[in-house]
Amino acid sequence: MNIYYEQDADLAVLQNKNIAILGYGSQGHAHALNLKDSGMNVCVGLKTDSASCAKAREAGLKVDTVAEAVKWADIVMILLPDQTQKSVYDNEIAPNLKSGATLAFGHGFNIHYKQIVPPADVNVIMIAPKSPGHLVRRTYTEGNGVPCLIAVHQDATGDAKAIALAWAKGIGGTKAGVIETSFKDETETDLFGEQAVLCGGSAELIKAGFETLTEAGYPAELAYFECMHELKLIVDLYYEGGLSRMNYSVSDTAEYGGMTRGPRVVTSAAKAEMKKILEEIQDGRFAKEFIDECNSGYKKMNELRESNRNHPIEVVGAKLRGMMSWLKKK
């Protein structure tokens, strides 16, 4: 796997190019401001009624409609929600995209699953920082950066990779390291991590643990602390130094109990189900299901959201978080 640093990227590749960033959310604001501060000519493309227009202008950025920004741009970065990208592309990007332009993405979903099929005469690249946008921005202002992924799906002009590397450098990524991958690998591993571990697996583990304790008669408050609240303490240790750091930092009782009982929770049956989830991602079944869900008005998703909001752990959690001064907004 190739990893690139400062000396491997040249910001001059982006100079004298017009850069449009579509979207001004978590990632959009970070990319726009970092590239602007790196000396690039940046315009943010937004709907005319977007609340983000004022924010972007206040930050000193040029703002225009999506269509006009794309007409003007040599490089167009799409940092919009996955489910809205196809419609915006079909209606506002494709009719205005220059031949020889570069189309960039922060995630590979729409390219990999062929929701967006760009013409052969444009570059298609990805630059994906592996952190939230606020951290991309903060580390840049501190003179550092966060690790990034880059990928080239289509190289029409012969310099698509150089553009991706220059972009990564412009947002600070080459100071940490830039890993080369593919749209396929980024998309499939990202979706799997979200579904099986980060957003799906962990949430179900928390709820199951909470329910096991409360059904056995223990107070909901204690169940919340042990199964939800303290998870951050453990995840922070993983984040800082991996599994070994966590095992070193907890008590011997916790370490032994975790190593001997954990495999009884995440069993071979759970891993077999993970493999099925991965297969659904690889063969496109999940993508089709999600796209159909979006097109049908989010009926199932809204029902699941409501179910989660009404779970007892949310009720007791809201009460206990009210006791935590460090969580209260100043």
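Even glycines carry a Cβ here, placed using N, Cα and C.
Note that the coordinates shown come from a computational prediction; the quantities given were computed from them, not determined experimentally.
What Swiss-Prot says about this protein:
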DOMAIN    1-181  domain 'KARI N-terminal Rossmann'
BINDING   TYR24, GLY25, SER26, GLN27, LYS47, SER50, SER52, ASP82, GLN83, THR84, GLN85, GLY133  NADP(+) binding site
ACT_SITE  HIS107  active site
DOMAIN    182-327  domain 'KARI C-terminal knotted'
BINDING   ASP190, GLU226, GLU230  Mg(2+) 2 binding site
BINDING   ASP190, GLU194  Mg(2+) 1 binding site
BINDING   SER251  substrate binding site
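Taking the features listed in Swiss-Prot, we show where each one sits on the structure.
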| residue | record | Cβ within 10 Å |
| --- | --- | --- |
| TYR24 | NADP(+) binding site | 26 |
| SER26 | NADP(+) binding site | 16 |
| LYS47 | NADP(+) binding site | 12 |
| SER52 | NADP(+) binding site | 16 |
| GLN83 | NADP(+) binding site | 16 |
| GLN85 | NADP(+) binding site | 22 |
| GLU194 | Mg(2+) 1 binding site | 13 |
| GLU226 | Mg(2+) 2 binding site | 14 |
| GLU230 | Mg(2+) 2 binding site | 11 |
| SER251 | substrate binding site | 8 |
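Of the candidate binding-site residues, GLN83, GLU230, SER251, the one lying closest to GLU194 (Mg(2+) 1 binding site) when CA atoms are compared is GLN83.
Averaged over the domain 'KARI C-terminal knotted' (182-327), the predicted model has a pLDDT of 97. Checked against GLU230 (Mg(2+) 2 binding site), the binding-site residues TYR24, SER26, LYS47, SER52, GLN85 differ in C-alpha distance, with SER26 being the nearest. The binding-site residues listed here (TYR24, SER52, ASP190, SER251) include ASP190 as those with a Cα within 10 A of the Cα of HIS107 (active site).
HIS107 (active site) carries neither a helix nor a strand DSSP state and counts as coil.
The Cβ of ASP190 (Mg(2+) 2 binding site) lies under 8 Å from the Cβ of HIS107, GLY108, each on the same chain and at least six residues away in sequence. Looking only at the binding-site residues SER26, LYS47, SER52, the one with its C-alpha closest to the residue listed as 'substrate binding site' is SER26. DSSP assigns SER251 (substrate binding site) to coil in the three-state reduction, placing it in neither a helix nor a strand. Residues TYR24, GLY25, SER26, GLN27, LYS47, SER50, SER52, ASP82, GLN83, THR84, GLN85, GLY133 are the ones the record ties to NADP(+), and the longest Cα gap between any two of them is 21 Å. Its Cβ placed at the centre, the residue listed as 'active site' has 21 other Cβ atoms within 10 Å.
In this structure, the CA atom of SER52 (NADP(+) binding site) is 39 Å away from the CA atom of GLU226 (Mg(2+) 2 binding site). When Cα-Cα distances from GLU226 (Mg(2+) 2 binding site) are compared across the binding-site residues TYR24, SER26, LYS47, GLN83, GLN85, the shortest belongs to SER26.
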